[in-house]
Amino acid sequence: MEVQGNGPEEPRSKYLLSSHTTWPWTSLIITLLLSVWSAQGLEMSTGKVPFLEALNGSTVLLPCTYASCIGIKNLYFNWQYNDNGTMQKVCESVIPLDGMDPHPVSIYRERVEFIGTGDHNNISILLWNITFEDEGQYTCFGRNPKEKGKNHSAIFTLVVVDELRVVDNTLTIIIASAVGGAIALLMTFMLVKNFILFVLFKIEEKKKIECLVQSSSADETNNVSGSKTSKPTTPKKK
């Protein structure tokens, strides 16, 4: 007995093609969403030059700022000092909202002062009367609850010295003087060249004018002499 189906069987390649074409678009959308989310995340920064060489006994600033495109709410931050691999907390606090100052700020290390302000997203600190024991890496840490617990940090390195090194700028001065002299010589050469060309142009122009004057005078002389010799002679009567 021959058994007939309910209807024509649809090819499986249709579904396979649909799944293969949908997956790349799905992965692309997920990647874009993740990149946008990471771009909007919290950023901690210790400046373009995240290190400082300071004199023993001086007061130094350890800079740190934060930024977030999605805003903050109860932003937790702290400063930590790396003591031979052991992280020691220097200070910590919480910033409720954008533009608000942290309060209170807990200080766990001597000679430390918090000078940050919420108006400028600043959470910097001062180290007073630094010693060689203060030398090392300081980490500025932040965590924004809006990002579901993601941690962000930036490192600032402090080097303490007995005396600041005097930078020998002799080579730099020599190079700058040589380059400046070469530029000045080139400009002088160009000015002299342009002046000579200008003088030659004026001399050539004067010669052309004199030549035109002489040629016009010669033409007038030729015309006058020609008119005198061209008078008709009267025939003699026989």
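Cβ from N, Cα, C; glycine included.
Features of the protein shown, as given by TrEMBL:
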COMPBIAS  215-226  compositional bias 'Polar residues'
COMPBIAS  227-238  compositional bias 'Low complexity'
DOMAIN    24-157  domain 'Ig-like'
REGION    215-238  region 'Disordered'
TRANSMEM  23-42  transmembrane segment
TRANSMEM  173-200  transmembrane segment
Can you name the far-off residues of the same chain, 6+ from the ends of the transmembrane segment (173-200), with a Cβ under 8 Å from a Cβ of it?
none
What are the helix, strand and coil residue counts for the domain 'Ig-like' (24-157) according to DSSP?
25 helix, 61 strand, 48 coil
